[in-house]
Amino acid sequence: MRVIKIGGHELDQPAFLEGLIAALKELSPPPILVHGGGKAVSAWQQRIGLTPRYVEGLRVTDDETLELAVMTLAGLTNKTLVAALARAGLPALGVCGADLGLVRVSPVPHLGWVGMPVAVDAERLRRWIAEGLLLVIAPIGLGPEGLYNVNADQMAAAVAAALPADELVLLTDVPGVQVGGSIRSTLRAGEVEALIAAGVIRDGMIPKVRAALGALAAGVRRARITNLAGLREGGTEILQEG
């Protein structure tokens with residue numbers, strides 16, 4: 001079983017969506033998809049005069065931004081993707097982490113309405129998987145005061161850990177983690193924080209590598225960061241020490 005995270009930037013590209021659909025038709029059993037949509041959320045922020053702000057790749061989410069995130073991620077982005085998959089004959093079911101309390105989160109106060117996944121209803125996910133459904137999960141979680149914005153990489157890692165999945169694949173628009181001008185085929189846990197501190201791993205790649213490490217620590221067998229071309233095999237494999 002794979003959990004695949006798709007970045008919002010990629011979903012805007014028709015060629016990517018066509019390639020994704022072709023790849024999904026070849027995967028059995030169907031994977032679980034977790035999608036982002038940060039580009040669309042940022043566009044809506046700018047439309048109403050808000051400036052997107054990030055801390056180590058995580059979006060600072062005030063009241064207005066939360067409304068935009070829910071509207072965009074759990075609404076238009078999720079349902080547009082589900083519709084494309086369904087039109088292609090795939091049994092897609094679109095949900096967000098708040099639906100049925102699938103993904104419960106703990107607040108991250110310094111980021112506003114941002115939550116860190118702490119519990120996933122793995123039993124329900126397994127039942128849906130057994131029915132042959134292709135789950136498409138939007139990164140909105142349920143917390144103590146309602147809805148919370150969740151980083152999609154962290155959401156995917158939490159879902160993968162809860163099952164546990166055989167593999168977590170974090171798809172992005174680059175073929176892997178670049179260090180010293182080249183893509184690393186592997187990256188060990190001990191290297192990650194040093195590369196972040198040095199500014200080599202930065203921005204949106206920070207939550208990706210940390211999510212991959214968290215998934216491995218929780219029992220996921222394998223975690224990779226790659227682009228669509230490397231979905232089956234390729235990109236940067238994140239490794240635990242030892």
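Even glycines carry a Cβ here, placed using N, Cα and C.
According to TrEMBL:
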| type | residues | note |
| --- | --- | --- |
| DOMAIN | 2-227 | domain 'Aspartate/glutamate/uridylate kinase' |
| SITE | K5 | site 'Transition state stabilizer' |
| BINDING | G37, G38, R59, N149 | substrate binding site |
| SITE | K208 | site 'Transition state stabilizer' |
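Location within the structure of each feature annotated in TrEMBL.
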{"residue": "K5", "record": "site 'Transition state stabilizer'", "DSSP class": "strand"}
{"residue": "G37", "record": "substrate binding site", "DSSP class": "coil"}
{"residue": "R59", "record": "substrate binding site", "DSSP class": "strand"}
{"residue": "N149", "record": "substrate binding site", "DSSP class": "strand"}
{"residue": "K208", "record": "site 'Transition state stabilizer'", "DSSP class": "helix"}
Other residues, Cβ within 8 Å of G37, G38, R59, N149 Cβ centroid (substrate site): G8, G36, V41, S42, T61, A69, T72, L73, P139, N151, A152
Other C-beta atoms that fall within 10 angstroms of the C-beta of G37 (substrate binding site): 27
Between R59 (substrate binding site) and K208 (site 'Transition state stabilizer'), the C-alpha gap once rounded to whole angstrom: 14
Those residues of the chain, 6+ apart, with a Cβ under 8 Å from that of K5 (site 'Transition state stabilizer'): L33, V34, H35, G36, A152, D153, M155, A156, L168, V169, L170, L171
Neighbour count (Cβ, 10 Å) for K208 (site 'Transition state stabilizer'): 28
Local confidence of the prediction over the domain 'Aspartate/glutamate/uridylate kinase' (2-227), expressed as mean pLDDT: 94
Nearest-integer angstrom distance between the alpha carbons (Cα) of K208 (site 'Transition state stabilizer') and G38 (substrate binding site): 14
Largest inter-residue Cα distance among G37, G38, R59, N149 [record-listed substrate binders, Å]: 12
